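Here TrEMBL flags 2-181 as domain 'Formyl transferase N-terminal'. Taken from TrEMBL, the feature N(1)-(5-phospho-beta-D-ribosyl)glycinamide binding site applies to Gly12, Ser13, Asn14. TrEMBL lists Arg65, Asn107 with the feature (6R)-10-formyltetrahydrofolate binding site. The active site, proton donor annotation in TrEMBL covers His109. The site 'Raises pKa of active site His' annotation in TrEMBL covers Asp145.
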Amino acid sequence: MKRVAILISGGGSNMLALVASMTGDHPARPVLVASNDPAAMGLARAQGLGIATAAVDHRPFKGDRVAFEAALLEPVLAAEPDILCLAGFMRVLTPGFVARFEGRMLNIHPSLLPKYPGLHTHQRALDAGDAEAGCTVHQVTAVLDDGPMLGQARVPVLPGDTADALSQRVLMQEHRLYPACLRRFADGQAAPLFL
């Protein structure tokens with residue numbers, strides 16, 4: 001059974017989808033939900049599900065990412081995860097942190113990578129006149145929103161779409177794609193999944 005730690009920064013909707021999937025014959029179980037924001041709603045949600053939580057506020061570190069990550073590593077390493085899932089974790093991780101979890105850290109990004117790494121992905125897709133948008137699950141590397149793809153899900157861009165409307169449709173696919181990719185990854189399957 002693989003042990004999964006999940007890093008969040010907000011409400012934790014993708015975390016909840018991952019946790020809900022890790023039951024029955026699933027090859028993994030959640031062991032920790034950690035956040036850089038002690039007020040993140042996702043922490044209370046995880047606690048309500050009986051999952052251990054930890055919060056390491058990044059703000060007192062005043063931009064010292066290495067010191068913040070050293071503090072974050074304490075509860076993460078104590079949970080002994082086999083897999084680390086980023087689920088709306090809004091901090092850019094240093095190459096040193098990424099290297100520690102090389103080959104076992106996953107992220108979900110709300111675009112069809114390699115298009116639109118970084119922020120404001122839905123507005124960028126609309127501004128470009130794209131016919132479709134979506135989300136990508138990938139292994140994390142030192143390059144932002146790069147790394148081997150584990151899966152993608154697509155949604156059409158509709159006439160009159162706003163970034164908010166598009167983001168809601170993409171989020172519904174994120175909640176399907178990320179759990180499916182985690183299950184395959186925990187099972188040792190590396191071939192990308194397309195929904």
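The first residue you see is number 1, and the count goes up from there.
From the backbone N, Cα and C atoms, a Cβ is placed for every residue, glycine too.
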(message) Which one is it, among the binding-site residues Gly12, Ser13, Asn14, Arg65, that lies nearest to His109 (active site, proton donor) by Cα separation?
(response) Asn14
(request) Give me the Cα-Cα distance between Asn14 (N(1)-(5-phospho-beta-D-ribosyl)glycinamide binding site) and Asn107 ((6R)-10-formyltetrahydrofolate binding site), rounded to a whole Å. (result) 10
(request) Specify all same-chain residues, apart from the site residues Gly12, Ser13, Asn14, whose Cβ lies within 8 angstroms of the center of the Cβ atoms of the N(1)-(5-phospho-beta-D-ribosyl)glycinamide site, ordered by sequence. (result) Ile8, Gly10, Gly11, Met15, Leu16, Ala17, Leu18, Gly42, Ala87, Gly88, His175
(request) For Gly12 (N(1)-(5-phospho-beta-D-ribosyl)glycinamide binding site), name the DSSP secondary structure in the helix/strand/coil scheme. (result) coil
(request) Work out how many Å separate Arg65 ((6R)-10-formyltetrahydrofolate binding site) and Asp145 (site 'Raises pKa of active site His') at their Cα atoms, rounded off. (result) 18
(message) Using only C-alpha positions, which one of Gly12, Ser13, Asp145 is spatially nearest Asn107 ((6R)-10-formyltetrahydrofolate binding site)? These are the recorded positions in the record.
(response) Asp145
(message) Within its own chain, what residues at least 6 apart in sequence put their Cβ under 8 Å from the Cβ of Gly12 (N(1)-(5-phospho-beta-D-ribosyl)glycinamide binding site), listed in sequence order?
(response) Val33, Ala40, Met41, Gly42, Leu43, Arg45, Ala46, Ala87, Gly88
